[in-house]
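Chemist: Mind looking over this structure? Questions follow.
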Amino acid sequence: MCYSLSLQSPINFRNRHALKIHGDRAVLISNSATLGLPERDRRGKLLLCHGKGVHSLRFGGNVDVKLCGIPRHRLRVHCSDARRMPEDRHEAEKTAEAVTVTDQPDFSEFITSERVKVVAMLALALALCNADRVVMSVAIVPLSLSRGWSKSFSGIVQSSFLWGYLISPIAGGTLVDRYGGKVVMAWGVALWSLATFLTPWAADTSLWALLAARAMVGVAEGVALPCMNNMVARWFPPTERSRAVGIAMAGFQLGNVVGLMLSPILMSQGGIYGPFVIFGLSGFLWLLVWLSAMSSAPDRHSQITKFELEYIKQKQQTSIRENKRNTTGVIPPFRRLLSKMPTWAVIVANSMHSWGFFVILSWMPIYFNSVYHVNLKQAAWFSAVPWSMMAFTGYLAGYWSDLLIRRGTSITLTRKIMQSIGFIGPGIALIGLTTAKRPLVASAWLSLAVGLKSFSHLGFLINLQDIAPEYSGVLHGMCLTAGTLAAIVGTVGAGFFVELLGSFQGFILLTAILYLLSALFYNIYSTGERVDFDSAA
């Protein structure tokens, strides 16, 4: 483990087994027998073992250095450990003496930190978000049979969620940038949980009431991802954001698994509407914990340690504007945001992501039921397996993405690598899906497609924080609105496409081609650098 040491004034440490500076060059010194570094990493570095060294070590001012092999109880270095050099006293009187030590936390420290608790609650919220969303994908099968709905009309009923989802993301993203993620997420969860809970009553009242209830779920859930993106940007430094997004989106995908697997079981015990009641009540339980234990930003959190707060602040590598709420105006600069091609890169990527996501989410239970003639419970389980894969690969992708950045790979190249895997991989896998003759083989191809799709979260999704940290909420809302339009076309279009051609295969091939074209567009126009939205193109 290594620690970063920043010094603003020259001081002399009497602890000889720490570290020495030669001019502007850092020299590593360990009190361990060996440092354990490859030979090529020792060039330009001096290794002093325990019992050897100089009587005192002088640290030059205005330097950033690394300490390796220092025991944890020696982590915090204080000025009392040092004395000023006489020739530097005059200069020291002008510059305030400051010593700050920040470590790159190990896994145990990371997993028990307050910021991980925040992202865990976000993951639970997103799991509920998708569980409330996906339950209709299972319930639509018995509802269609009992009410005589065609496949095209079933697609319209399922798309009612998307009509609501179309309305709120931009307004929700603007509110998130202005008021923070805690308040907006709380309102969102409360509203979609209430609408889910009331869905059985709406379905028994009239078709229009059912459509309105599902649309209200969509309206409320439109703020979920902008809230997640905003809070990750505030709580996590750049070197940890990919993992944070991976954890949050793992919860998002596990919501699909929970919804698809539990819905048939709950329906068998409590009727068609059982899952709606259970998932709706779960949202209110989550809300109690969220309001009592979370905050929108780390400096507002009552339980965070001073060490973790300093770590987050020092590792943030963005401007002050990112760390302050966007309160300069109520109306975001939409024209300037849309004048830059990196904005269109993330919009196109999000649109394709939503197309593929909602087509797979909405139609796979029907696909397995009609193409492979499996029963509803089996169809739900075959459809749930791919989302389990996505939750697992999503965290691995996040860890790999952070590792690439820490090892010096540019943010731009890292985002493009993740996005390429996340779109080209599913495109190829969906082509393989069209050749499957058995449900197990089809589920395997679908699992590969959805699993690789999770890499795109570390492409376009986290890219919003790179190019526009101060507008990440509203920009995410714009992306979600465009993505919702694409999802409506895909979800409704799939039903009509299947009725006209009598097969899912052609629509799956079309989706595969769109994945490949979207990957090309993103790689041409995207960037990992901050974009200047203060001036028009």
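These residue numbers are counts, starting from 1, taken along the chain as shown.
Cβ coordinates are placed from backbone N, Cα and C, and glycine is handled just like the others.
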Chemist: In TrEMBL, which of 117-136, 417-436 is tagged transmembrane segment?
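Modeler: TrEMBL lists transmembrane segment for residues 417-436.
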Chemist: For the domain 'Major facilitator superfamily (MFS) profile' (118-530), provide the mean pLDDT of the predicted model.
Modeler: 84
Chemist: How about long-range neighbours of the transmembrane segment (272-293): same chain, 6 or more residues beyond its ends, C-beta under 8 Å?
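Modeler: Counting only partners 6 or more residues beyond its ends, the transmembrane segment (272-293) has Cβ contacts under 8 Å with 117, 121, 124-125, 128, 131-132, 135, 138-139, 142-143, 182, 185-186, 189-190, 192-200, 203, 259, 262-263, 266, 303.
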Chemist: Which of 417-436, 442-462, 504-525 shares the most C-beta pairs under 8 angstroms with the transmembrane segment (244-266)?
Modeler: 442-462
Chemist: Go through 155-176, 183-202, 208-232, 417-436, 442-462 and flag the stretch with the largest number of C-beta pairs under 8 Å relative to the transmembrane segment (384-405).
Modeler: 442-462
Chemist: Under 8 angstroms for C-beta pairs, at least 3 of them, ignoring pairs fewer than 6 apart in sequence. Is the transmembrane segment (474-498) in contact with the transmembrane segment (183-202) by that rule?
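Modeler: Touching, no - the transmembrane segment (474-498) and the transmembrane segment (183-202) miss the threshold of 3 or more Cβ pairs under 8 Å.
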